[in-house]
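This report refers to the structure that appears directly beneath it.
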Number of protein chains: 2
Amino acid sequence: MPIDVLGDAAFGPHRFRDPALLAQALTHRSAGTPHNERLEFLGDALLGLFAAEALYVCWPKADEGVLTRARAELVRESSLATLARGFELGARLTLGPGEMKSGGHRRDSILSDALEAVVGAIYLDAGFEACRDVVRPWFGPLIEALHPAKVGKDAKTRLQEWLQARQAPLPQYELAWEGGEDHAKAFRVRCTLSQPPLSAEGEGGSRRAAEQQAAEAVLAQLDA
Amino acid sequence: MPIDVLGDAAFGPHRFRDPALLAQALTHRSAGTPHNERLEFLGDALLGLFAAEALYVCWPKADEGVLTRARAELVRESSLATLARGFELGARLTLGPGEMKSGGHRRDSILSDALEAVVGAIYLDAGFEACRDVVRPWFGPLIEALHPAKVGKDAKTRLQEWLQARQAPLPQYELAWEGGEDHAKAFRVRCTLSQPPLSAEGEGGSRRAAEQQAAEAVLAQLDA
């Protein structure tokens, strides 16, 4: 599904009415204005929604925690960069001379940002349904390839593994609040890291559930 | 714009074709299944997109950093809980007996989650355009109320201005740690002030992002 920006300005099944939008989406900020950062902001939100909807439909039994972790996998920078390479987006980018020399067209962050920007551009060019028709097929193979162990693993385990891989100290969990009736207790737990120094709280119907939520919130801050 | 779930199942301008979807959206997990967590997952992504689009349109000159910070303000838990209170959502929630007694219908997290779930339910009930028509008006007043100084400037700039206004020396940023794989680098930066004498660390996927986090953490210590 190559992007023909030189000829008919088609992106996959989408043909741009306004080719200037596509050109902007493929222009890195190093090449001057108008560049793709605002379109990237819009496209990031669109991709988040399309990924969420694809998972909601494909995994009718999955709970929110699994869906949230799976969504993060689908839209993570390296996943989007891989898609962008499949579309040979790198060769079509407009970069400043410095970025060009240093191989910016191969960098994950630049490719992923440009793909997000293209999605934003399609939305502005042709609306929600057209944009979804282009993007949704991207996620089918990615969802099939999701490793169940990765999305299935609980948050405390994943946080522990992330920290151990970086030889950082293990997190501390402490009860911040406890309430509710005996048969329907509620707990709030704070999870604190010393390195990197950050913390977050989680709530749940058991102390263990609250710890998982807190670990999940810390992982979100780590973008892990 | 009250939600009438007892009578005609209308949510603001939206009238549910499938009232069971609305009932599910208003059911907290403490009350059993089907509860609203999966709908909340979907609604969270929708609200993220609607907030992004509203900002993109309202602030045509704002750069990505400003838009991103503003979006976080619009969809933060306390903002959504305030909206939910305006719709008197608390009185319409189905909660388990424990949550009911402990005042769960007044808790920010439960209200915000339920509002997200209602948005997901409208989307499934009537599609994208109908859902956007309901949600977009919510953000107008919120965007007007956003404090430009809060979202308008990045943390390093705000810290620098705070110090200059007090004729204090500029902060020092130094790399404290660097790690991660090539495709997923992590940086930790320490920001140090000589006057007042304090410091804080920040982390991010780039050195610049880590510096911003560190400046943000110092600003928090200064209560600025």
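Just so you know, glycine gets a Cβ as well, placed from its N, Cα and C.
Here is what TrEMBL says about this protein:
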- B:D44: active site (ACT_SITE)
- B:E116: active site (ACT_SITE)
- B:E40, B:D113, B:E116: Mg(2+) binding site (BINDING)
- B:14-127: domain 'RNase III' (DOMAIN)
- B:154-224: domain 'DRBM' (DOMAIN)
Q: Go through the recorded positions B:E40, B:D113, B:E116 one by one and keep only those whose Cβ is less than 8 Å from a Cβ of chain A; report them in sequence order, or 'none'.
A: B:E40
Q. How big is the Cα-to-Cα gap, in Å, between B:E40 (Mg(2+) binding site) and B:E116 (active site)?
A. 5
Q | Residue among the recorded positions B:E40, B:D44, B:E116 whose Cβ has the most other Cβ atoms within 10 Å | A | B:E116
Q: Taking only the Cα atoms, work out how far B:D113 (Mg(2+) binding site) lies from B:D44 (active site), in Å, as a whole number.
A: 8
Q.
Neighbours of the Mg(2+) site B:E40, B:D113, B:E116: Cβ within 8 Å of the Cβ centroid, same chain, sequence order.
A. B:N36, B:E37, B:L39, B:F41, B:G43, B:D44, B:S112, B:A114, B:L115, B:A117, B:G120
Q: Average the pLDDT scores across the domain 'DRBM' (B:154-224) and report the rounded value.
A: 85
Q | Euclidean distance between Cα atoms of B:D44 (active site) and B:E116 (active site), Å | A | 5
